[in-house]
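Trainee: From TrEMBL, here are the annotated features:
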{"type": "TRANSMEM", "residues": "35-61", "note": "transmembrane segment"}
{"type": "TRANSMEM", "residues": "67-87", "note": "transmembrane segment"}
{"type": "TRANSMEM", "residues": "107-124", "note": "transmembrane segment"}
{"type": "TRANSMEM", "residues": "136-155", "note": "transmembrane segment"}
{"type": "TRANSMEM", "residues": "162-180", "note": "transmembrane segment"}
{"type": "TRANSMEM", "residues": "186-203", "note": "transmembrane segment"}
{"type": "TRANSMEM", "residues": "215-233", "note": "transmembrane segment"}
{"type": "TRANSMEM", "residues": "239-257", "note": "transmembrane segment"}
Amino acid sequence: WKKVLYERQPFPDNYVDQRFLEELRKNVHARQYRYRAVVFQSGAVVQQLCSVCVFALTWWYMDAGMLSPQGLFGAALVSSLLGYVLFDAVDGGAGRWASGRTRWADLKSTLVFIAFTYGFSPVLKTLTESISTDTIYAMSALMLLGHLIFFDYGANAAIVSSTLSLNMALFASVCLASRLPRSLHAFVMVTFAMQIFALWPMLQKKLKARTPRCYVGVTVLFALAALAGLATVSSVGAVLFASLLLAVSCLCPYCLIRLQLLKDNIHGPWDEAEIKEDLSRFL
């Protein structure tokens, strides 16, 4: 018996001999994970959960009158300047030199964004007046959940969309800003949302790539700050959020590694043929 179909043989077409299972291979493309590496990679998820928590707490403080828009804008401005300097200091300006973007261009973009946001803040404040507050809260929660789902955590997946994730977060900020007392509150809230959902992840990605230890330290400090802020609002919420962070950073990586041991993908001569040769020259 020969494994060909173009010769007439005294066997049926679906006949196989005893050597059929000799080519059986298991878990050819399975990846071996290390617990510390998986915990390190889960830091991106922890960062975004804490970002959403800090954003919601900031809105709550402003809505309750415990945080002034001037104070928030000043703190956000100082932190943005520090982050801007750190962003260039991490790689010695190599990223800026490669992109060809100057500091003057960054300053112009910042001023244009602030000017347009401030000019349209009265519109943002009254944009959703005809919508009930309960609907606004529901839409904001749904948009923030979508932001977490579609955010780019570093995985090469079809569901990842940084643009969609950012737009959903900004939409949630506009919805929540419309329930604040004044237009100035709405302006500061949208500006803060851009900082924490757009600029902060960029700095974190560079820290993760260049200085992993610094990235871990910043992640831990950011999580502790979010938990401390949440504890001032709800102790039960702080405990639940801490449990969520521990589950994401410790329990889920452990479950992933344990489930990898149960993986049993089989490969053999029954697999579909794969053409590995470059066929672009024929197109």
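Start at 1 and count along the chain as shown; that gives each residue its number.
Positions of Cβ are set from backbone N, Cα and C atoms, glycine also.
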Trainee: Quick one: do the transmembrane segment (162-180) and the transmembrane segment (35-61) have at least 3 Cβ pairs under 8 Å, skipping pairs fewer than 6 apart in sequence?
Mentor: yes
Trainee: Between the stretches 107-124, 186-203, 239-257, which wins on the count of C-beta pairs under 8 angstroms to the transmembrane segment (67-87)?
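Mentor: Per the Cβ under 8 Å count, 186-203.
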